[in-house]
Amino acid sequence: MVSRLWDMVIAMLLWGVWLPSCLSQTTSPSQDGKIKFRLAGYPRKHNEGRVEVFYNGEWGTICDDDFTLANAHVLCRHLGFVEALSWSHSAKYGPGTGKIWLDNVMCGGSENSIEKCVSRGWGNSDCTHQEDAGVVCKDERLPGFADSNIIEMQVNENRMENIRLRPLSGAHAGRMPVTEGVIEVKFKEGWGHICNTGWTTKNSRVVCGMMGFPSQRTVGKKPIMTNVYKALKKVKSIPYVATGPLANEFLTSQVRLKGGAKTGEGRVEVLKGSEWGTVCDDHWNLQSASVVCREVGFGTAKEALTGARMGQGMGPIYMNEVQCRGDEKSLWDCPHKSITAEDCKHMEDASVICNIPYMGFEKSIRLTGGRTQLEGRVELLLSTGSGVRDWGLVCGDGWTSREAMVVCRQLGLGHASSGLRETWYWDSSNVTEMVLSGVKCKGNEMTLTDCQHHSVVSCKRAGAQFSAGIICSDTASDLVLNAPLVEQTVYIEDRPLHLLYCAAEENCLAKSAAQANWPYGHRRLLRFSSEIHNIGKADFRPRLGRHSWVWHECHRHYHSMDIFTYYDLLSLNGTKVADGHKASFCLEDTECHEGVLKHYECANFGEQGITVGCWDLYRHDIDCQWIDITDVIPGNYILQVIINPNFEVAESDFTNNAMRCNCKYDGNRVWLHKCHLGDSFSEEAEKEFEHYPGQLNNKIS
């Protein structure tokens, strides 16, 4: 390729002609200012692939002539990565289609746009698609890039994206979702029908899948369809682990989605035996993703995502190189390889975004007064006593990030960042009446009105300034406890009272310690280490800024949260026999995965938090890292640890915030076994921990 270029340059020099419109030309700005980039091709990961450019309304590629690592650096930054690791030539990821937009690109490497680099100009190329260039980017994000907007899966640009069902009669016009009707496709400036000649049930299945439905049937010989999909409105909620709305009809309950902001998206997890695990992203594609989507009760896959784009799992990795045809009933039916520890890491967990039916849930809720469209006071459209629908406010009493999570999902705005109980600092609309109070959500509901709430509005604090508000975000943190470490580090210590004055001041001992003969005697402590990982897509930060943190002189540290973790010892019938707690006196990055930098350190009044890919370790020998069991008699118990128990800080998933273990105490020694996260086992395996209500306070009794 290089020799061809030099031959051309020499020839032109001999003719006395230089290249004012070729190699010396800086790429001109696009006509409409809308340039987008994506990685495509196969096989690839989320951070590598054929470079494709959207220019002048059309996707095209870049030729590998004169391509360098400097070019790759600029392109990787366009895609949201910090830098490039390497580049590829000769269509390593397969030849693209459409135009070859750029050729002989030569960047210095520091340019903030590919338009600043020298090239032959837009659309001026002598290459074929067998010379398409590719890049491998470093899997580290630039701040401010939302994953979902960076890399698009390769799609056929001629594929019909605009398709709908027109209800057969006026009686069906207002029903949601629209499950039957005449197929219409977007055509020029309007909508057109499809001729029924040669129409098959396979065609119907494709159309239904595009609209989010897992199955279909064709009526007669006309392009009229009904769907066996049950209306989502009849389903009170879809579990946040996304086992799907039709668990009893379509599902094998062997697959679930975790960590997604919206219904029908998330990290793919599969059940093997009694334990959930993840799927490695090698060879992960739309066919396999579509099998998952239908298995969890939706239509085809919109995107097949790699590189733990929906957060990393914590359990085993069960499947690798999954290669489905697309019509299998279960992901387990697809050809795949078993996993070894060397094959894959959780940073390669596969995830999906499914096509789901349009329900119009966002039409009955809105945000007002916020600075951006991602925040504001929550207003609901509800029927009044006279049958007229009008907008009203939600009482802020007891409002948490779990309720905010439901609202953000209902509005299609991603994850919750904050749930606000007061909104006096936002501009008020003319809506002043409270129409909903006592709202208490699990976090998996599809609409706010699906959550528990008062039958009659009762708000302790009147006035619009005390109505509920939310702030939404593209990303969220997700905290999980290292359960095996708890099991490995547990022991009993009889600690002298004279060493426990600070702990008593911070309320880390049982109530009976107040009647002890201080400083003589001791307390019996159940001690263990607590390693808390952030496996989400955003840093975990205390709800309050450090100007609001409380200084504790005895231990000489700041508390950034009132309660960060609960430690409970429960009898087998659910009675709490002893408890402990941990204020986040030092919420910091103790260790991180390879390539992840620490950002938070408590020393010298530093910022507190846990970076994505890092963990905070409370060692067993730290004050208050215990449960005072001085008054506990020998027997069998359950140890429960719950992180972020009051939902002060928003997370993408609260179902994995609890850890439980079987505990045996003989009066002198203690044993823990079967320590696991609250969502890591199958329902059947979990039943042995659920003989009583209220054990897990993430559940609503």
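Glycine too: its Cβ is placed from the backbone N, Cα and C atoms.
The signal peptide feature in TrEMBL is assigned to 1-24. For 37-138, 165-213, 255-355, 365-473, the entry in TrEMBL reads domain 'SRCR'. Summarising the annotation, TrEMBL assigns disulfide bond to Cys63-Cys127, Cys76-Cys137, Cys107-Cys117, Cys280-Cys344, Cys293-Cys354, Cys324-Cys334, Cys395-Cys459, Cys441-Cys451.
Features per TrEMBL, on structure.
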| residue | record | contacts (Cβ under 8 Å, 6+ apart) |
| --- | --- | --- |
| Cys63 | disulfide bond | Ile100, Leu102, Asp103, Asn104, Val105, Ser125, Cys127, Glu131, Asp132, Ala133 |
| Cys107 | disulfide bond | Thr68, Ala70, Asn71, His73, Val74, Ile114, Lys116, Cys117, Val118 |
| Cys280 | disulfide bond | Ile317, Met319, Asn320, Glu321, Ile339, Asp343, Cys344, Glu348, Asp349, Ala350 |
| Cys293 | disulfide bond | Gly209, Pro214, Gly264, Gly299, Thr300, Ala301, Val352, Cys354, Asn355 |
| Cys441 | disulfide bond | Arg402, Glu403, Met405, Val406, Leu448, Cys451, Gln452 |
| Cys459 | disulfide bond | Cys395, Gly396, Asp397, Met434, Ser437, Phe466 |
For the disulfide-bonded residues Cys137, Cys334, Cys354, Cys395, which one has the sparsest Cβ surroundings, going by other Cβ atoms within 10 Å?
Cys334
Counting every protein chain present, what is the number of Cβ atoms, excluding its own, within 10 Å of the Cβ of Cys324 (disulfide bond)?
22
Using all protein chains shown, find which of the disulfide-bonded residues Cys76, Cys127, Cys451 scores highest when you count other CB atoms within 10 A of its CB.
Cys76
For Cys137 (disulfide bond) and Cys324 (disulfide bond), what Cα-Cα distance in Å is obtained after rounding to a whole number?
27
Expressed to the nearest Å, what is the distance separating Cys324 (disulfide bond) and Cys76 (disulfide bond) at their Cα atoms?
30
Test of understanding: give the count of other CB atoms lying within 10 angstroms of the CB of Cys344 (disulfide bond).
21
In angstrom units, rounded to an integer, how far apart are the Cα atoms of Cys76 (disulfide bond) and Cys334 (disulfide bond)?
33
Measure from the Cβ of Cys117 (disulfide bond) and count the other Cβ atoms within 10 Å, all protein chains considered.
20
Averaged across the domain 'SRCR' (255-355), what pLDDT does the model get? Just tell me the whole number, please.
90
